[in-house]
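A quick write-up on the structure given underneath.
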């Protein structure tokens with residue numbers, strides 16, 4: 001928070017024309033409100049939201065972390081195994097627009113609390129499903145997807161309302177660091193619990209306990225009603241003041257619009273459209289990698305003779321532990337690096353954000369392609385290039401969300417995030433794990449069953465991800481052509 005609580009001062013040039021916070025505000029009566037007093041509480045609320053985001057994404061990665069065990073327990077083919085994650089993502093993305101609508105209009109604390117309680121309970125319940133009822137296990141993953149959708153849609157908008165432009169970018173970066181950290185921990189916790197107990201069901205009994213703590217913290221620390229800032233409030237909070245417009249209808253008002261009007265407006269926002277398609281390509285690649293990489297590495301090691309085929313009751317989880325560590329490390333480094341590079345470059349180039357995203361997508365696609373090509377001969381090189389591929393994917397997480405927050409007017413942000421979730425998952429990671437599994441099944445079906453063809457089928461399937469990554473870079477390049485105009489429109 002800034003010390004200055006007097007007359008409005010001019011923000012620095014790089015902030016004056018950048019971000020959702022830099023909306024143009026007309027002159028009028030105002031009062032000044034210091035942001036010093038609630039600052040500590042704001043950071044506590046941010047910490048609680050980040051902790052819950054950690055649990056959210058741990059739940060995403062529990063299944064991939066013990067995929068070999070689940071595949072063997074329920075006797076699933078590659079195609080059916082891919083469908084397991086597809087059910088989760090489909091329910092997640094279909095629920096997101098509903099929660100976006102509710103988040104823009106109703107109490108966000110109640111929605112978040114209900115979501116955490118719901119998905120934690122369902123996750124715990126799924127740990128008691130027997131092999132005879134695999135369809136119940138599939139159903140439970142879908143229900144968990146619905147619970148996590150409400151959280152991913154609403155939590156970023158609370159952070160956007162709590163913090164000013166510079167601090168908002170920092171807090172969103174921290175929030176999105178917990179995507180890869182949570183995903184990596186999901187692998188590690190799932191694999192470790194399966195190893196320690198000898199029963200993969202225990203992997204689903206850790207995050208519900210963490211969810212209970214998150215729910216208690218949410219109830220105790222997050223206020224019942226979180227203040228929503230208009231574009232005017234956000235602009236003026238940069239200088240440490242909050243201008244309150246005179247109580248007249250229509251003055252700096254956030255006119256009520258229907259959901260359809262919001263969607264039509266967003267569809268005309270080309271920066272939002274192209275960046276959402278770029279995010280879709282990211283989601284496609286990360287979804288496929290997150291689901292299948294441990295299995296792919298296992299099959300490569302079998303072909304090289306490094307490990308013996310998994311025929312016993314519990315499969316080795318060493319690959320899941322390594323992939324989890326890589327996901328955590330590259331995620332933290334990538335998100336921090338992306339936010340820092342964006343912060344520096346946007347001072348000299350207003351198109352910096354989409355250009356950073358495009359460059360990182362192209363490099364990531366190249367790294368993943370090399371990783372696939374060297375997998376049969378050098379497993380260490382495969383790990384290294386997969387790590388670089390994930391690193392450059394992680395660069396984009398916070399930057400893409402920041403793009404959305406400054407090209408979309410505040411009153412449509414929950415809806416915009418929800419639509420972005422819907423599109424990116426519908427065309428991205430909802431189908432990619434299943435598509436990889438189906439292609440792998442088709443290749444195996446045309447050739448004699450062997451460990452060699454089991455590996456090759458997965459290798460050839462994964463090449464799709466490299467091409468999709470290139471398309472993602474192209475979408476972010478297209479975003480750069482519209483970003484300045486759409487930012488100015490959002491400010492108006």
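Any Cβ shown, glycine's included, is placed from N, Cα and C.
Pulled from TrEMBL:
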type     : residues : note
TRANSMEM : 43-63    : transmembrane segment
DOMAIN   : 45-484   : domain 'Major facilitator superfamily (MFS) profile'
TRANSMEM : 83-103   : transmembrane segment
TRANSMEM : 110-129  : transmembrane segment
TRANSMEM : 135-159  : transmembrane segment
TRANSMEM : 171-190  : transmembrane segment
TRANSMEM : 202-222  : transmembrane segment
TRANSMEM : 272-293  : transmembrane segment
TRANSMEM : 321-342  : transmembrane segment
TRANSMEM : 354-374  : transmembrane segment
TRANSMEM : 380-405  : transmembrane segment
TRANSMEM : 417-440  : transmembrane segment
TRANSMEM : 460-483  : transmembrane segment
Check: Where among 171-190, 272-293, 321-342, 354-374, 380-405 do we find the most Cβ pairs under 8 Å to the transmembrane segment (202-222)?
Finding: 171-190
Check: If you count Cβ pairs under 8 Å, which stretch among 135-159, 171-190, 417-440, 460-483 touches the transmembrane segment (321-342) the most?
Finding: 171-190
Checklist line | Whole-number mean of pLDDT values that fall within the domain 'Major facilitator superfamily (MFS) profile' (45-484) | finding: 84
Item checked: Touch test for the transmembrane segment (110-129) and the transmembrane segment (43-63), at least 3 Cβ pairs under 8 Å -> yes
Notebook entry, point to check: For the transmembrane segment (354-374), what are the same-chain contacts with Cβ under 8 Å, counting residues 6+ beyond its ends?
Noted result: 271, 274-275, 278, 281-282, 285, 289, 338, 341-342, 345, 381-382, 384-386, 388-393, 395-396, 399-400, 403, 459, 462-463, 465-470, 472-474, 476-477, 479-480, 483
Checklist line | Which of 171-190, 380-405, 417-440, 460-483 contacts the transmembrane segment (272-293) most, counting Cβ pairs under 8 Å | finding: 417-440
